[in-house]
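Annotation comment: Swiss-Prot describes ASP21, PHE22, ASN23, ARG36, HIS59, LEU60, GLY61, ARG62, ARG118, ARG151 as substrate binding site, evidence class sequence analysis. Summarising the annotation, Swiss-Prot assigns phosphoserine to SER183. Residues or ranges marked as ATP binding site by Swiss-Prot on the basis of sequence analysis: LYS201, GLY292, GLU323, GLY350, GLY351, ASP352, SER353. Sequence annotations record features per position, and here Swiss-Prot assigns phosphothreonine to THR299 based on sequence analysis.
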Amino acid sequence: MNKKSIRDVDLKGKRVFCRVDFNVPMKEGKITDETRIRAALPTIQYLVEQGAKVILASHLGRPKGQAVEELRLTPVAARLGELLGKDVKKADEAFGPVAQEMVAAMNEGDVLVLENVRFYAGEEKNDAELAKEFAALADIFVNDAFGAAHRAHASTAGIADYLPAVSGLLMEKELEVLGKALSNPERPFTAIIGGAKVKDKIGVIRHLLDKVDNLIIGGGLAYTFVKALGHEIGLSLCEDDKIELAKEFMQLAKEKGVNFYMPVDVVITEEFSETATTKIVGIDSIPSNWEGVDIGPKTREIYADVIKNSKLVVWNGPMGVFEMTPFAEGTKAVGQALADAEGTYSVIGGGDSAAAVEKFGMADKMSHISTGGGASLEFMEGKELPGVVCLNDK
């Protein structure tokens, strides 16, 4: 990675404005999944050990530019204190006199959590005045919020106009892993693309066709490809306006020598429920009033075999409606194949794929789980991320 990280700068006694991603799911004031808080710990601990004054900023939910009581970061600050085993202070604003006073009172190694940055309308507009206010609190800007790196906001990008800007350890690792996958992959390199909609994955498929040896397609978006081949798909998800594009992608794969894998059999159902009756049929045998909801057992075997023989696998998007037990087996099988594969480096591209490997208890068997759904998707599309571009070069 050619961007400076916290390892490249002197931090002792410095006030560090560290943008983290503490956008955790909450229920009735309780944190239901603290993965993102834990992911930021190595950076925070490093800053503390180096004698920095650690000022943490994050968004939580979508308060739309005003203070929303249940979206305050107070419970997050409390939990962070427990995880760090030290006192963590919490400011009720993200800039201004109160925040400035609290920062002025900090000693080396102290940790302060600012209020939800999205309580201010200027945050999502990348307002220069707000960015200046944030910058006034600190000597150095650290961006460790990979999950928000695709956003050009005041606390993720704008602030870098006014302070030296470096990455945190989590951001550094994300950029290293994803960057190596796209620029210098070990081969065979396989991408598994799933999820509901072709339109969400157009950029990724287009970009990866130039990079991969194998492209595996699953999830709801597969049926647009199946229909493009002339098969009947019943009531399965389909984007008719993307059929020509699907044909184009399959043709491109052929021209570029990429092995293009699609389901050969599918799980079908007449109703969406936990107790649904399902059948397994060949891809050319979906009845008119049934819909495909998962990849079938033959497909799972083929996909598992490709995974086993790959050196690098990037997975973005589930194979079926994994949230419901009867339609979860395909996604589980892909996860299991990755967990069992020896000598295969597995990169899980955030979002639903990350949720799936968590749900099936396979997370610790994956080489790297990205903390950014949208950000990793845009990175894999070959786009520049504003929260990365703004960092100082080495």
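Glycine too: its Cβ is placed from the backbone N, Cα and C atoms.
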Binding-site residues compared (GLY61, GLY292, GLY351) - the one with the fewest other Cβ atoms within 10 Å: GLY61
Neighbours of ASP21, PHE22, ASN23, ARG36, HIS59, LEU60, GLY61, ARG62, ARG118, ARG151 excl. site residues, C-beta within 8 Å of centre, substrate: SER58, ASN116, GLY147, ALA148
Winner by Cβ contact number (other Cβ atoms within 10 Å) across the binding-site residues ASP21, GLU323, ASP352: ASP21
Among HIS59, ARG118, THR299, which are recorded as recorded positions, the nearest neighbour of LYS201 (ATP binding site) by Cα: THR299
Pairwise Cα distance for GLY292 (ATP binding site)/ASP21 (substrate binding site) [Å, integer]: 36
Winner by Cβ contact number (other Cβ atoms within 10 Å) across the recorded positions ASN23, SER183, THR299, SER353: SER353
Binding-site residues listed as HIS59, ARG118, LYS201, least Cβ neighbours within 10 Å: LYS201
